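Swiss-Prot annotations:
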MOD_RES   A2  N-acetylalanine
BINDING   L30, D73, E78, D79, R98, R145, V268  substrate binding site
MOD_RES   S33  phosphoserine
ACT_SITE  H173  active site, proton donor
MOD_RES   C222  S-nitrosocysteine
MOD_RES   C274  S-nitrosocysteine
ACT_SITE  C274  active site, nucleophile
Amino acid sequence: MAGLSHPSVFGRATHAVVRAPPESLCRHALRRSQGEEVDFARAERQHQLYVGVLGSKLGLQVVQLPADESLPDCVFVEDVAVVCEETALITRPGAPSRRKEVDMMKEALEKLQLNIVEMKDENATLDGGDVLFTGREFFVGLSKRTNQRGAEILADTFKDYAVSTVPVADSLHLKSFCSMAGPNLIAIGSSESAQKALKIMQQMSDHRYDKLTVPDDMAANCIYLNIPSKGHVLLHRTPEEYPESAKVYEKLKDHLLIPVSNSEMEKVDGLLTCCSVFINKKTDS
């Protein structure tokens with residue numbers, strides 16, 4: 001089944017939904033390994049700059065949801081909704097402690113008048129961080145947070161697009177080591193597991209994608225947007241955080257490159273795509 005999205009439309013967005021980080025993020029957010037403690041003041045500052053890029057710099061209408069101290073991971077809004085065109089799938093996150101995060105997101109997306117589909121099957125789990133939409137098709141990572149039933153419900157929700165599953169063993173999510181860096185361009189990390197996942201995606205797809213290989217898996221998570229007044233825009237990790245990967249992004253001469261710091265969220269496994277959900281609302285003409 002061929003996807004219907006046209007490359008000139010891929011990456012278009014009018015709105016972004018974000019959520020402020022709670023202080024409980026520092027001690028109680030889920031993390032794969034215990035490492036450095038999160039500097040909350042710095043995390044807040046980095047998040048505010050991130051939101052500022054989306055709103056002030058790129059002109060998106062930013063819907064800012066408030067922090068909830070009882071939901072330490074609530075800043076990572078990507079995991080609780082998958083939006084494609086006019087439809088929003090409200091997910092069932094793999095971690096039980098995150099299930100209540102969906103309520104406020106559902107309310108926000110209803111206000112934006114999207115068609116809401118809720119994942120109510122108690123056997124299904126899906127984190128948005130495991131969902132890579134290429135503009136032509138979906139790849140869904142099967143991880144500790146996302147299962148086959150979750151992928152099936154996503155396929156039922158977005159019937160116009162092919163959906164393929166990719167095993168994710170060594171990372172939290174599929175997008176912990178890849179993302180879209182352009183209409184036909186997959187950014188991918190250099191680790192063995194990242195390269196193995198890419199090979200599976202290439203085998204599953206009828207389409208041939210270009211690839212942008214970066215040395216650091218975490219830095220392969222970037223945000224591509226197609227902003228009419230700006231052209232191709234790419235938010236990527238800073239040279240201070242990932243110098244070698246930043247050099248690779250700097251070779252993209254037809255993109256407006258915006259380095260964004262994310263050191264604090266990364267301590268609790270949060271990457272750039274994790275902190276926003278993008279919506280492209282059609283204007284009434």
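Residue numbering: from 1, along the chain as shown.
Each Cβ is built from the backbone N, Cα and C atoms, and glycine gets one as well.
Mapped onto this structure are the features recorded in Swiss-Prot.
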| residue | record | CB count, 10 Å |
| --- | --- | --- |
| L30 | substrate binding site | 15 |
| D73 | substrate binding site | 26 |
| E78 | substrate binding site | 26 |
| D79 | substrate binding site | 28 |
| R98 | substrate binding site | 22 |
| R145 | substrate binding site | 24 |
| H173 | active site, proton donor | 27 |
| C222 | S-nitrosocysteine | 27 |
| V268 | substrate binding site | 23 |
| C274 | S-nitrosocysteine | 25 |
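Per Cα geometry, E78 is the residue among the binding-site residues E78, D79, R98 nearest to C222 (S-nitrosocysteine). Annotation note: R145 (substrate binding site) sits in a coil segment as assigned by DSSP. C274 (S-nitrosocysteine) and E78 (substrate binding site) are 5 Å apart (CA-CA, integer value). Calculated from their C-alpha atoms, the gap between D73 (substrate binding site) and C274 (S-nitrosocysteine) amounts to 10 Å. Taking every pair among L30, D73, E78, D79, R98, R145, V268, the residues listed as contacting substrate, the largest Cα to Cα separation comes to 15 Å. A Cα-Cα distance of 14 Å separates L30 (substrate binding site) from C274 (S-nitrosocysteine). Between C274 (S-nitrosocysteine) and R145 (substrate binding site), the C-alpha separation comes to 14 Å. Compute the center of the Cβ atoms of L30, D73, E78, D79, R98, R145, V268, which mark the site for substrate; besides them, the chain residues with Cβ within 8 Å of that center are A29, F76, P93, A95, D127, G129, D269, G270, C274. Across the structure, V268 (substrate binding site) and H173 (active site, proton donor) place their CA atoms 13 angstrom apart. The residue listed as 'active site, proton donor' and R145 (substrate binding site) are 8 Å apart (CA-CA, integer value).
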